[in-house]
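Q: Dumping the structure here so I can ask a few things about it.
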Amino acid sequence: MQMNHPIYIASDHTGLELKSLVIKHLEQQKLQVIDLGPTELDPLDDYPDYAFLLAQTMQANPNSLGILICGTGVGVCMAANKAKGILAALVVDSKTAALARQHDDANVLCLSSRFVVPEENIKIVDEFLQAQFEGGRHSKRVGKIIAYEREK
């Protein structure tokens with residue numbers, strides 16, 4: 001797997017341990033990973049802060065990919081999707097991970113640290129990063145999402 005851009009990653013306190021495992025896995029594959037935090041456990045941190053930081057970083061670095069982690073994956077996904085240009089997908093299995101990229105052109109993968117075991121999350125990350133947007137009929141659909149976002 002080769003990436004032309006770094007992979008940005010962030011979590012809240014519940015995703016800190018999984019984030020470390022994902023970073024180690026990706027670095028073993030010689031991928032450039034930029035950790036946007038947190039770097040230490042703070043049970044009072046707030047997932048929107050990290051989701052917004054990752055989204056802003058990606059907006060400044062077009063065509064990049066990101067990974068967000070919280071307990072369910074729902075909160076970081078909701079927060080990230082508020083940012084223009086972000087197409088975040090909560091994924092809990094490897095098949096959906098591939099389809100999120102192939103059909104929906106997702107650029108942020110959101111993971112659950114509480115309800116998906118680490119080994120499955122690693123498979124999800126690999127599938128997501130290996131998949132490519134297929135375009136075709138999917139371009140029209142994703143285009144509608146982007147057009148709606150621009151109108152608002």
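Along the chain as shown, residues are numbered 1 onward.
Positions of Cβ are set from backbone N, Cα and C atoms, glycine also.
Since the structure is predicted, the reported quantities are computational estimates derived from the model, not experimental observations.
Feature table excerpt (Swiss-Prot):
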type	residues	note
ACT_SITE	Cys70	active site, proton acceptor
ACT_SITE	His103	active site, proton donor
BINDING	Asp12, His13, Gly71, Thr72, Gly73, Val74, Gly75, Asp104, Arg114, Arg137, Arg141	D-ribulose 5-phosphate binding site
Q: Among residues Asp12, His13, Gly71, Thr72, Gly73, Val74, Gly75, Asp104, Arg114, Arg137, Arg141 annotated as binding D-ribulose 5-phosphate, what is the maximum Cα-Cα distance? Answer in Å.
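A: Farthest Cα pair among residues binding D-ribulose 5-phosphate: 39 Å.
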Q: Cα distance, His103 (active site, proton donor) to Arg141 (D-ribulose 5-phosphate binding site), nearest Å?
A: 9
Q: Considering the binding-site residues Gly71, Gly73, which residue's Cβ sits among the greatest number of other Cβ atoms within 10 Å?
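A: The residue with the densest Cβ neighbourhood is Gly73.
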Q: Per DSSP, Asp12 (D-ribulose 5-phosphate binding site) is which: helix, strand or coil?
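A: For Asp12 (D-ribulose 5-phosphate binding site) - judged by DSSP and reduced to three states - the answer is coil.
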Q: Rounded to the nearest Å, what's the C-alpha distance separating Asp12 (D-ribulose 5-phosphate binding site) and Cys70 (active site, proton acceptor)? Just drop the number here, would you?
A: 6
Q: Show which residues of the chain containing His103 (active site, proton donor), separated from it by at least 6 in sequence, have their CB under 8 Å from its CB.
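A: Once residues fewer than 6 apart are set aside, His103 (active site, proton donor) is near Glu134, His138, Arg141.
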Q: Please list, in sequence order, the residues in the chain of Arg114 (D-ribulose 5-phosphate binding site) that are at least six apart in sequence and whose C-beta is under 8 Å away from its C-beta.
A: Thr14, Gly71, Thr72
Q: In the three-state scheme derived from DSSP, which category covers Gly75 (D-ribulose 5-phosphate binding site)?
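A: Gly75 (D-ribulose 5-phosphate binding site) sits in a helix per DSSP.
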